[in-house]
Amino acid sequence: MNDKKVTLHTHQSVWHPCTQMKHHEAFPPILITRGEGVWLYGADGKRYLDTISSWWVNLFGHCNPRINAAIIDQLSKLEHAMLAGLIHEPVVELSERLSAITPGNLSHCFYASDGSSANEIALKMSFHYWQQCGFPDKTQFVNLQNGYHGETLGALSVTDVPLFRQIYAPLLRPAHPVPTPDWRVAETGTTPETHALKAAAELESYLAQHHASTAALILEPLIQGAGGMGMYHPVYLQRAREICDTYRVHLIADEIAVGFGRTGTLFACEQAGITPDFMCLAKGLSGGYLPLSVVMTNDAVYRAFYRDETNQAFLHSHSHSGNILACRAALATLDIIEQDNVIETNRKKTDFLNQCLQPVREHPNVKNFRNCGMIWAFEVDNPQPDFTHRFAQKGLEQQLLIRPMGNSVYIMPPYIINEEEMELMARGILHILNRI
Ligand SMILES: *Cc1c(COP(=O)(O)O)cnc(C)c1O
């Protein structure tokens, strides 16, 4: 290391994700030097409360001593070894523990490095399964309107957020989106449950017609994150499970954003009492520390690939599949979830923050205020074209790192947030709403 100063205005060697780089002329990126708990510390001497858990990955704060200790311990023994032909204890322990805590019979774990790759794997595995089981026409996928499953070409093919998708449409597979159960788009006077049932009926009529060509339905259980934190009634998941069973179609649950307690249960599927055929996990899996993702599936899928022929195996690989440091971070994360009774503790925090946010909920410009577990969201009635940037900028002035998606403001804080920090966050948001 040397003392060379990073000059951010001219520092264009870094091309940032999800960013129009020209906007950094007006809003330069914040130089972060340190993190502790919910706080990120800038080189400017200021601190920012990470209200969105650094893109939804962080569960137990930055530089969590227990996760740090696990990684440091592992680092002195082995940093990485390939997972083909080799195996290590942390990946075995992680797979067994994940199977034990996820719903139903998801007894096999296939690892990758990020969420998009996990979804790619689930799509490929589902297709390949049907190929090997005598259903060669099942080559299509059905997804939900406004759903998000990542940015790689396969994952983007089943993503229905125009901002990310539109320009790449010619590169993508044919899309088959069905109506979303998100209650924001329900007709006035319709309950979330009725709206969800109506959307499920449309899924059923789609599959009644197209089941022979459909391998899988992919969805985000309970909350459509990148689509603006749209929330829906769990009855949709119950019906989707039944409909998929009726029409012999796999159900892929993308719990990448909602897994590990975000929705108030350890996994969102639990709230509907269902088991998917594939469950994709990433983000919080490693406590947000290291890139790690997993696709979990059942024995029937696993057995379909268990053959003598090499080309009937699932020949998919990522260089860092099952990375041992990431597995240790994940095991430390699972330890914290168990030892700290996190689901119960979070329930109290949810109640407390709902109280703090009452004035926000009642604010005249706030619409569709909603909460599920440790996620809150609302739309702000504000026609300014640069609302998103202005809100984020005003957030920084209130010590809040907050990034609305269009006019949808959401918070998704690390679970270790305390009452004082929750009050500060709620006060800051109200302050911004009154001045934007
Ligand atoms: C973030 C996200 C992904 C993509 O995960 P990456 O690790 O960013 O590739 C996929 N699905 C959902 C629901 C997500 O929220």
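Any Cβ shown, glycine's included, is placed from N, Cα and C.
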Which of Asp50, Asp160, Asp254, Asp381 does TrEMBL put in the same pyridoxal 5'-phosphate site as Gly115, Ser116, His318, Ser319?
Asp254
Let me make sure I understand the structure: which of the binding-site residues listed (Lys283, His318, Arg403) has the fewest other Cβ atoms within 10 A of its Cβ?
Arg403
So which of the binding-site residues Trp55, Ser317, Ser319 sit close to ligand 1, that is, with a CB under 6 Å from an atom of it?
none
Given the binding-site residues Ser116, Ser317, Ser319, which one's Cβ is surrounded by the fewest other Cβ atoms within 10 Å?
Ser319
Ser116 (pyridoxal 5'-phosphate binding site) versus Arg403 (substrate binding site) - Cα distance in angstrom:
21
Integer Å distance between the CA atoms belonging to Lys283 (substrate binding site) and Ser319 (pyridoxal 5'-phosphate binding site):
19
Which chain-mates of Trp55 (substrate binding site) that are at least 6 residues away have a CB under 8 A from its CB, listed by sequence?
Lys283
